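S.K.: Heads up, here are the entries from Swiss-Prot:
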{"type": "REGION", "residues": "36-41", "note": "region 'Interaction with beta subunit'"}
{"type": "DOMAIN", "residues": "39-324", "note": "domain 'Protein kinase'"}
{"type": "BINDING", "residues": "Leu45, Gly46, Arg47, Gly48, Lys49, Tyr50, Ser51, Glu52, Val53, Lys68", "note": "ATP binding site"}
{"type": "ACT_SITE", "residues": "Asp156", "note": "active site, proton acceptor"}
{"type": "REGION", "residues": "335-363", "note": "region 'Disordered'"}
{"type": "COMPBIAS", "residues": "335-346", "note": "compositional bias 'Polar residues'"}
Amino acid sequence: MSGPVPSRARVYTDVNTHRPREYWDYESHVVEWGNQDDYQLVRKLGRGKYSEVFEAINITNNEKVVVKILKPVKKKKIKREIKILENLRGGPNIITLADIVKDPVSRTPALVFEHVNNTDFKQLYQTLTDYDIRFYMYEILKALDYCHSMGIMHRDVKPHNVMIDHEHRKLRLIDWGLAEFYHPGQEYNVRVASRYFKGPELLVDYQMYDYSLDMWSLGCMLASMIFRKEPFFHGHDNYDQLVRIAKVLGTEDLYDYIDKYNIELDPRFNDILGRHSRKRWERFVHSENQHLVSPEALDFLDKLLRYDHQSRLTAREAMEHPYFYPIVKDQARMGSSNMPGGSTPVSSASMMSGISSVPTPSPLGPLAGSPVISATTTLGMPVPAAAGAQQ
C-alpha cells in the first residue's frame, strides 16, 4: 500500500522558503543572555510539563514581569521556542519576550516576559457575553494570522494558553514551547497540542499537517464557549478523542477524509469508532447557552470544525466571517484594537453586509528592561503559589 497523500498549506505555504536560513534554522541560533541579577522572583504562578512560572520584578525599573524557568529538555527545543518568540516579537497579541537569562541554581534557561494580569481564559470565558466571545476570538485570530504569516504554527492553542486582562480587554497568546516552523512537505510529530484540542490529523497520525491545526483547536475553544461545555470534545484518551469527534461530525465524513489522504487507521479504532450520523449544531443549544448562539456563530463554528484540514477556514478568512462584523465595525469606528469594557448585545440585524477592511493593530511597545532572575535569596525561599500559570 502506498503511503499517505501529501498535503500543503493553502496559505503562507512558502514563507520560510523565501526567508534567509537564519530565520528558521533555530538549531544554529546564538542566544544572547541577559543579566539574571536584574530580576527578583515574587511568587509562583504555576507549573507546566516543561516549565515553572513566576511573577517577578525587574529591579532596574520596578516593573512586573513573568519568568518562565524551563525544565531540563533538549537544547534544540529551548532554542526553537526562543527563536520563534524573537521572530514574533511585536506582533499583535503575541506575548512579548523581554529577556533570556540563566537560572543561577539549575543553570537552565529562564525566559522573561511582559506581565499580563493573570486571569486565564479558562476561568473567565464561562462568564463572557456573546459580544465578548466575538471580541476575544477576533483578538486570538489576529495573533494566529500573524504567526501563520510568519511561517509558524502554534500547535498548542487552548484556553490555558490565552491570557486575558478583562478589565483592559487585552489578550495575549502565550506558551510557544510546542510551536514550529512550517515547511511544505515536512512530516511533523503528531504528539502536540492538548488532547481536547487535538485535530483529527493528529489523532489519525497524519504528519503532513500545517497551520490549519491551530484553526481546529480554535474551533474547539469556540464550541466550548458558545455552548458552555468545557471541554466540548471530552475524550478519555487519544483514541476516545476521535470517537467523541465522530459522534458529533459523523463517521461518514471521517472515512471520506481517511480515503482522500490514503491514511491507514490504527486497528484499535475498529472496535470503538462505530457508525455515527453527523449532528446538527442546533442540538447543542439549550436555555443556558442560547444567548451566546446565533446563526452566524454556528456557521462560523461549522467552517472551523472540519475533518479535512484543507477545508477549514484560514485565520484571515475567519476574520472576514460575518460573525465578526460587529467587532470589525466597532474597531473601525474606534480606530483601535482595544475596545472599552462593554458587553454590547449583538443581533443578526446589526450585521454589516460586507467588510471593506480589517484594521491592522499597532505593534506592542518594546519592554524596558532585560533578563530573568536574581536569586541568592529569592530562589532559595519558598514562593507562594497562585492560581493559573501565565506561561
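Cβ from N, Cα, C; glycine included.
It should be emphasised that the depicted structure is a prediction, and the values quoted were computed from it without experimental measurement.
Situate these features within the shown structure.
M.R.: The DSSP breakdown of the region 'Interaction with beta subunit' (36-41), given as helix, strand and coil counts, is 3 helix, 3 strand, 0 coil.
Leu45 (ATP binding site) falls within a strand segment according to DSSP.
All protein chains considered, the CB of Asp156 (active site, proton acceptor) has 21 other CB atoms within 10 Å.
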S.K.: So of all those binding-site residues, Leu45, Arg47, Lys49, Ser51, Val53, which one's Cα sits nearest to Asp156 (active site, proton acceptor)?
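M.R.: Closest recorded candidate to Asp156 (active site, proton acceptor) by Cα: Lys49.
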S.K.: Please find which two of Leu45, Gly46, Arg47, Gly48, Lys49, Tyr50, Ser51, Glu52, Val53, Lys68 have the most distant C-alpha atoms, given that the record lists them as binding ATP, and give only that distance in angstrom, rounded to a whole number.
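M.R.: The span, Cα to Cα at its widest, is 14 Å.
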S.K.: Radius 10 Å, atoms counted are CB only; among the binding-site residues Arg47, Lys49, which position scores highest?
M.R.: Arg47
